[in-house]
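Engineer: Annotated domain 'G-protein coupled receptors family 3 profile' per TrEMBL: 1-39, 567-831, in sequence order. Marked as transmembrane segment by TrEMBL: 566-591, 603-625, 637-661, 681-700, 728-749, 761-781, 793-817.
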Amino acid sequence: MFIFFRYRRTPIVRANNSELSFLLLFSLTLCFLCSLSFIDGDFVIGGIFSFRTGQDYVIDTFQHIPEARKCKNFNYREFKFAQTLIFAVEEINRNPDLLPHLKLGYKIYNTCGTMDILRAALALVSGLENEISNENCTKIKTIQAILGHSGSRPTIAFAQVVGRFHIPVVHFATCACLSNRKEFPTFFRTIPSDFYQSRALAKLVKHFGWTWIGAIAVDNEYGLSGIATFIQAAQEHGVCTEYSESFSSSGPPETLQRIVEVVKRATSKVIVAFMSHREIKLLAQELYSQNITGLQWVGSDAWITDHSLTDSSGHSILLGSLGFTVSKAKILGLEEHLRGLHPAQFPTSAFMTEFWEDRFACSLNITGSTGRRPCSGSESLQNDTSPFTDVTELRFTNNVYKSVYVVAHALDNLMKCEKGEGPFSEGSCTSFRLTEYGETVYFERSGDSPARYELVNIQLTDKGTLEGRTVGIYDASLPEDHQFIMSDEPIAPVSVCTQRCLPGTHKVLQKGKPVCCFDCVPCPPGEISNSTNSIHCIKCPNLFWSNQERDACIPKSIEFLAHKELLGTLLVLFSLLGVFLTTFMFLIFYCHKETPIVRANNSELSFLLLFSLTLCFLCSLTFIGRPSGWSCMLRHTAFGITFVLCISCVLGKTMVVLMAFRATLPGSNMLKWFGPAQQRLCVVAFTFVQVLICILWLTISPPYPFENMEYYNDRIILECALGSALGFWAVLGYIGLLAMFCFILAFLARKLPNNFNEAKFITFSMLIFCAVWVTFIPAYVSSPGKFLVAVEIFAILASSYGLLFCIFLPKCFIILFRPELNTKKHIIGKT
């Protein structure tokens with residue numbers, strides 16, 4: 001190769017296609033470096049597997065030629081894959097219906113690391129074998145397909161090269177990027193793309209309500225592409241990612257330490273790990289050594305069912321992990337094949353020797369130079385209980401088996417097409433379906449197989465090993481709402497940035513945080529949220545209001561001054577007390593109507609005044625209770641008429657006092673013009689004016705019940721609307737006018753020479769009356785709801801009590817307790 005490179009510009013080198021010559025020499029060199037198992041046949045299938053998956057981390061300085069890194073950690077899983085390929089080839093060769101009269105061979109390479117995988121692929125493409133023919137030249141045997149490696153990064157590397165030679169690559173690498181038919185035109189896989197797995201994992205996370213998660217991936221195309229698709233799908237389901245990290249088992253240890261620190265500081269309790277069994281072992285071991293527990297793992301299919309997880313010292317923290325993996329299958333006869341293996345069957349196979357020595361810790365080397373005890377020859381796998389011989393849960397192994405049959409059926413169809421046999425139309429020779437053991441295998445246009453997964457939950461068996469128990473399925477071919485089905489719900493922790501917002505609250509995003517981090521803010525009054533994690537609050541209808549919990553709209557309470565409440569009861573008692581006192585004084589006056597003090601103060605007007613005061617006390621009761629059409633009209637008109645009747649009587653008594661004094665003057669004849677008839681006419685005339693005002697008010701725009709929702713938002717005030725405000729203030733103004741006129745007359749007569757001057761008491765009573773109603777106006781205007789009614793009742797009672805006590809209480813006191821003052825001589829001042 002060095003000579004060809006030194007003289008690469010000479011005619012003899014250039015004439016022999018120097019590029020292919022260098023490739024041929026390079027691949028020939030690799031044939032001697034790679035471990036190889038080879039069985040010849042009419043058609044040969046290439047296989048690439050990594051029986052040793054670990055390598056020491058080395059930083060190449062490129063100051064000298066890099067040395068090959070030593071491989072370690074024998075992987076029984078990959079060795080089982082290779083044996084499954086051999087078993088499938090032997091089974092096909094025994095089948096007379098598949099590739100009849102033709103023999104299928106295989107060429108298997110044992111690789112370690114990405115570069116070794118690429119070398120093996122180039123060696124398979126070159127078709128070189130490690131043997132020389134009789135013609136003393138290198139024998140070239142073209143392979144028909146390459147099967148094997150599950151790693152996405154090395155598959156991407158050599159699939160592009162192999163595709164240039166139009167050699168099919170049938171793998172179970174899952175990176176979604178391999179579905180690109182332009183870059184990988186000859187790539188096929190018997191396992192679903194990670195695109196479907198990532199979306200299935202997003203639905204799984206959403207199903208358990210995990211909205212705050214961490215994501216860790218292997219630093220290659222498989223992990224980075226898978227986790228990116230997952231994060232995008234998770235965001236569509238409202239799931240937020242607290243952190244997203246990546247590392248590689250062959251990368252620097254500092255990267256792993258940094259990721260462990262990130263996990264330690266994080267608040268999320270769920271980690272989605274999109275990586276292989278190599279990376280998850282390293283991560284679990286480091287987390288376990290630092291006592292970081294209590295995490296819920298969600299894994300990809302590359303590690304979730306790997307039996308070698310038990311070999312890791314930190315496997316206990318992976319208990320309860322959830323993840324999707326390909327469906328289980330049965331391969332008849334595979335167990336017998338695996339248990340019947342012996343090094344004598346593969347005398348030239350270096351990796352078979354390594355497996356035997358690693359499994360039984362002995363040396364096949366007779367001299368014993370390896371330092372191990374020599375193998376006795378009685379070693380057997382018949383009673384072996386390792387995962388290598390366990391065929392109860394074949395998942396990825398079945399993909400290898402299917403891959404071999406896929407190639408065999410494709411070759412069989414092509415042979416039939418060339419012979420013109422079978423129902424094949426033009427262009428259909430590369431289309432095939434495989435039905436083995438009840439399973440149909442086919443490829444879509446992208447080279448992918450249909451996406452169907454089993455959801456497994458990692459549990460600890462009685463033997464102390466980790467085992468994945470199926471708890472659900474995911475089938476991408478089903479409708480969207482039925483793709484994910486849980487058959488057995490495992491116990492899952494809570495992992496959210498913020499606990500859920502209960503009904504009655506709504507989510508408000510925290511500034512600078514992801515959408516899953518929010519504050520739960522109670523809904524404002526009048527609005528509700530009746531579901532968990534509501535984004536907005538719903539405003540209640542006009543006649544409804546939110547309850548105290550803010551999770552339901554309830555009818556607004558209707559408020560009015562009721563008899564049963566304390567305020568209404570007290571006002572009723574004071575009204576009835578006023579009626580009782582007025583009636584009692586009426587009886588006292590009636591029983592002593594012939595006494596001088598009663599007769600001197602115009603007994604007829606006194607009795608009429610007491611009657612009108614009784615009506616004033618009773619009219620206050622019309623303001624208490626639920627307003628209705630009749631009660632609204634009655635309360636204001638009764639109040640206006642009774643008070644005018646009361647004030648008219650007081651005005652008549654005041655005018656009588658003034659006329660009586662004027663009548664004692666020489667030459668005065670005024671008393672005859674204001675006798676009993678004129679007094680009655682005066683009372684009737686004043687009252688009639690108020691009656692006329694009330695009739696006009698009720699005719700034009702009467703009061704009516706009204707649901708007032710302006711004072712309070714949470715309740716309805718049931719009150720009597722005035723109808724015409726002019727009518728109300730006209731009634732009230734007329735009462736005030738008469739009261740002021742009466743007060744002026746009484747004030748003028750307060751100092752008349754009389755031993756018992758009634759004008760003084762009338763003046764004081766009218767002073768109280770006017771003060772009450774002057775203060776009533778601002779209180780009435782500013783009082784809301786039922787308190788407005790209470791203020792009006794209070795004004796009625798206060799003014800009525802003022803008239804009753806100021807005018808009649810002194811007279812009753814004299815009648816009952818000072819009868820010696822109830823004489824004519826004392827009243828006219830002659831004693």
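Note: Cβ is positioned from N, Cα and C throughout, glycine not excepted.
What TrEMBL says about a protein is an automatic prediction, not a curated fact.
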Engineer: With Cβ-Cβ distances below 8 Å as the criterion, list the same-chain residues six or more beyond the ends of the transmembrane segment (793-817) that contact it, or say none.
Structural biologist: 561, 571, 574-575, 578, 581-582, 585, 588-589, 592, 595, 597-598, 601, 606, 609-610, 613, 616-617, 619-620, 623-624, 639, 643, 646, 650, 653, 758, 761-762, 764-765, 768-769, 772-773, 776, 780
Engineer: Which residues of the same chain, at least 6 past either end of the transmembrane segment (681-700), have a Cβ under 8 Å from a Cβ in it?
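Structural biologist: Same-chain contacts beyond the ends: 605, 608, 633, 636-637, 640-641, 644-645, 647-649, 651-652, 655, 723-724, 727-728, 730-731, 734-735, 738.
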Engineer: Report the listed stretch (603-625, 637-661, 728-749) having the maximum count of Cβ pairs within less than 8 Å of the transmembrane segment (566-591).
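Structural biologist: Answer is 603-625, with the largest number of Cβ pairs below 8 Å.
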Engineer: Quickly jot the same-chain residues contacting the transmembrane segment (728-749) by Cβ under 8 Å, restricted to those at least six beyond its ends, or write none.
Structural biologist: 636-637, 639-640, 643-644, 647-648, 650-651, 654-655, 657-658, 661, 686, 689-690, 693-694, 697, 703, 722, 757, 759, 762-763, 766-767, 769-770, 773
Engineer: Can you give the mean pLDDT for the domain 'G-protein coupled receptors family 3 profile' (1-39), rounded to a whole number?
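Structural biologist: Mean model confidence (pLDDT) across the domain 'G-protein coupled receptors family 3 profile' (1-39) is 53.
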